[in-house]
């Protein structure tokens, strides 16, 4: 098999919130692509040997000279180019066209009328009018617009407010689209991207789960040889897929450490040990560190501080176990491509605000002196799941809802105590069980329970009592950047509430969170 990463498609990032979505759409076609900052070095670009380039959108305006531009040498590369939104505008300006701020901005749905023939949009339409005009339903998000074409370009589509909504120089295979083909609101968006990537760029479509696994196994064996590898196994999707992949590649050379923090979901430790230890035969060192974590968290209520303490304590426990394993030479991690993109700071926003600390950011101590192995660092989450299924992991494990690294520690809105964790664990398990029973679990993106540190009066039998409040949260989202609260049936919520109040001692009231993201985040802390 040829190198899957030979001649990738490149996406140059101008800071759009949709840049990773472009890459995911391209990967869905079976095409390998990578994201780089818009100011990529020319030598690095040449070494990558791309088959084509997409210029992403971005929050800036090309009407200011100081704002980002594509490298000028890119337009002399001879490669097919597609500019999306800001990418189209900077292409237009840099090649001699004009862009101005528009009095009529376009945000949201727009009806697009195609102009004549273009290789990019030919025979792609949502409907055709009686006069033969082809129309597309697209998603716009722009305040500037191209007002004058660069030399050699023609108009390929228009909207009521943007007479130049798309442009093309067919001879140089350069294209610009003012709308966003990568979002699902543009109904034919995937076909448009596929036309550019596969038909115009002639990209290879060998990027499939089977080929990804084959290449990863070969690379792991080549890197590791006969040496042993250590993996921190959490039971999450990423570390589970890494465990299965490494086990297939190197068998008994893999050693896993599983840390029970006391902040896991109900029966989670037993499920992980059963699946990977007894069922798959992987060597797992299980550490019950509940007391250590609860002691470290005593008296702490600040969410950010809780995250840092949980992360620091995890590293201490893991380090202590790793130091006992003198034969280990490699440390495996479940780093995935979005982590790589963020840590490489490909975003054009230099001043980033820390919204929440992630417990595993920063890695393990240098004193371990281990070589790093990251076998899924080039995969998006949806690709990780596909690889997991191909490796034979259970569907319910691979498509389990996201669970935060700090676990229940950030779903207890107070000091973390064993009493609170036990209450929350049971309530959460009931919620998830009922979602499965009602066949709703896989229709929503994430669901969980939150422990609220307030007591509410309740009536149990003939007596009044004050007990704690549980809040249920369920959201639907495509990318977790924005989310809608899930409109679960009232009778379903009533059933869950009754079960929690009757079966979980210490709970007198259950509420349901109907906040979207934004303004709220998905997790409460």
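One-based numbering along the chain as shown.
Each Cβ is built from the backbone N, Cα and C atoms, and glycine gets one as well.
What Swiss-Prot lists as active site, nucleophile is 85, and the listing cites sequence analysis. According to Swiss-Prot, the active site annotation covers 180, 182, on the basis of sequence analysis. Under the heading ATP binding site, Swiss-Prot lists 234, 235, 236, 237, 238, 239, 240, citing sequence analysis as support. For 8-206, the entry in Swiss-Prot reads domain 'Glutamine amidotransferase type-1', with the evidence type sequence analysis. If you look up Swiss-Prot, you'll see 207-400 marked as domain 'GMPS ATP-PPase'.
Nearest neighbour of residue 240 (ATP binding site) by Cα distance, taken over the active-site residues 85, 180, 182: 182. Ranked by Cα separation from residue 238 (ATP binding site), the active-site residues 85, 180, 182 are led by 182. Looking only at the active-site residues 85, 180, 182, the one with its C-alpha closest to residue 236 (ATP binding site) is 182. For residue 234 (ATP binding site), the nearest neighbour among the listed active-site residues (85, 180, 182), judged by C-alpha distance, is 182.
Distance between Cα atoms for residue 182 (active site) and residue 85 (active site, nucleophile): 11 Å, as a whole number.
Neighbouring residues of the recorded ATP site, listed in sequence order and excluding 234, 235, 236, 237, 238, 239, 240, comprise 233, 241, 242, 243, 334 (Cβ within 8 Å of the Cβ centroid). Cβ neighbour count for residue 235 (ATP binding site): 20 (other Cβ atoms within 10 Å of its Cβ, all protein chains included). Neighbour count (other Cβ atoms within 10 Å of the Cβ, all protein chains): 23 for residue 180 (active site). Among the recorded positions 180, 235, 237, 239, the ones whose Cα sits within 10 Å of the Cα of residue 85 (active site, nucleophile) are 180. Applying an 8 A CB threshold to same-chain residues 6+ apart, the list for residue 239 (ATP binding site) reads 231, 232, 233, 334. Straight-line distance linking the Cα atoms of residue 180 (active site) and residue 235 (ATP binding site), rounded to a whole number, equals 36 Å. Cβ neighbours of residue 237 (ATP binding site) (same chain, under 8 Å, six or more residues apart in sequence): 381, 384, 385, 388, 397, 398, 400.
The recorded positions examined here are 85, 182, 234, 238, 240; by Cβ neighbour count within 10 Å, the least packed of them is 238. In the three-state DSSP reading, residue 180 (active site) counts as coil.
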